[in-house]
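Asker: Quick one: the structure is below, questions incoming.
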Amino acid sequence: MPVDKNLRDLEPGIHTDLEGRLTYGGYLRLDQLLSAQQPLSEPAHHDEMLFIIQHQTSELWLKLLAHELRAAIVHLQRDEVWQCRKVLARSKQVLRQLTEQWSVLETLTPSEYMGFRDVLGPSSGFQSLQYRYIEFLLGNKNPQMLQVFAYDPHGQARLREALEAPSLYEEFLRYLARFGHAIPQHYQARDWTAAHVADDSLRPVFERIYENTDRYWREYALCEDLVDVETQFQLWRFRHMRTVMRVIGFKRGTGGSSGVGFLQQALALTFFPELFDVRTSVGVDGRPPQGAPDAAQG
């Protein structure tokens, strides 16, 4: 190996006869992917490329997140706990990636952004179909959001499908009911288009699980997986809001919203409220929760 020349030779087995064969760029369709960054500013503002790539990569991660959450729902429907936990673990890491990449956009200063903001017109991240779709999968359902996508019948139909189907949390509650937990009957069939709100009738179910983790370890582990997902999602929302505040202050959003104020409202929205509420009541009657199971059970 000619290390003294600061290079490495191609190994004999490396494929170089690639004419007409599947290549890295062909498999990933890089010609299409890397030609999709088309700044609208004239002359092209240097920082518009950052803005475009930030949002395009976010949409790719959102596509993967939606893919994993749909799989989690199917696994719950089939009572496949460990498979569900696997995809929820991946979902959490995707959300972490989405959260951390705000640090790249934070390098965009207010003066730099104002150099090309006008070309965005009324376009806004608020119009991200995939983001709304994921919110619906997780249970933050709002039929009003369909109005935003009236210009896109296909996308609107996809969003409506998620609106009218049980969310991840609702499928989790149905899973608990199948395994003997006292889930109210209306969770078997209700108006799935309505957002889930905190329900005191569910608290005893989760108190029982959290105070008897040795007996209900699978249910308990799923609860904590869902808490992880919501926590990371809220961190993403918070980081989004702070990044917007850093870049535009309290200006109105390009999509017509109040901007930071509207994003702050999202931080009050929850997916799995009972899983957080139960933490207040666990063990308050003086009975210590049961410990975790031994290794054979886990």
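One is the number of the first residue shown, and numbering goes on along the chain from there.
Note that Cβ sites are derived from N, Cα and C of the backbone, with glycine treated the same way.
Summarising the annotation, Swiss-Prot assigns substrate binding site to Phe51, Ile52, Ile53, Gln54, His55, Tyr113, Arg117, Thr254. Look at Swiss-Prot and you will find His240 tagged as heme binding site.
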Asker: For His55 (substrate binding site) and the residue listed as 'heme binding site', what Cα-Cα distance in Å is obtained after rounding to a whole number?
Answerer: 12
Asker: Which of the listed binding-site residues (His55, Arg117, His240) has the least company, meaning the fewest other Cβ atoms within 10 Å of its Cβ?
Answerer: His55
Asker: Give the residue from the binding-site residues Phe51, Tyr113 that has the most other Cβ atoms within 10 Å of its Cβ, counting over every protein chain displayed.
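Answerer: By the 10 Å Cβ neighbour count, Phe51 comes out on top.
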Asker: Express in Å, rounded to the nearest integer, the largest CA to CA distance found among the substrate-binding residues Phe51, Ile52, Ile53, Gln54, His55, Tyr113, Arg117, Thr254 named in the record.
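Answerer: Site span for substrate, by Cα atoms: 18 Å.
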Asker: Near Gln54 (substrate binding site), which residues of its own chain have a C-beta under 8 A away, given they sit six or more steps off in sequence?
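Answerer: Spatial neighbours, sequence-distant, of Gln54 (substrate binding site): Gln101, Val104, Leu105.
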Asker: Same chain only, sequence gap of 6 or more: which residues have a CB within under 8 Å of the CB of Thr254 (substrate binding site)?
Answerer: Arg117, Leu120, Gly121, Pro122, Ser123, Ser124
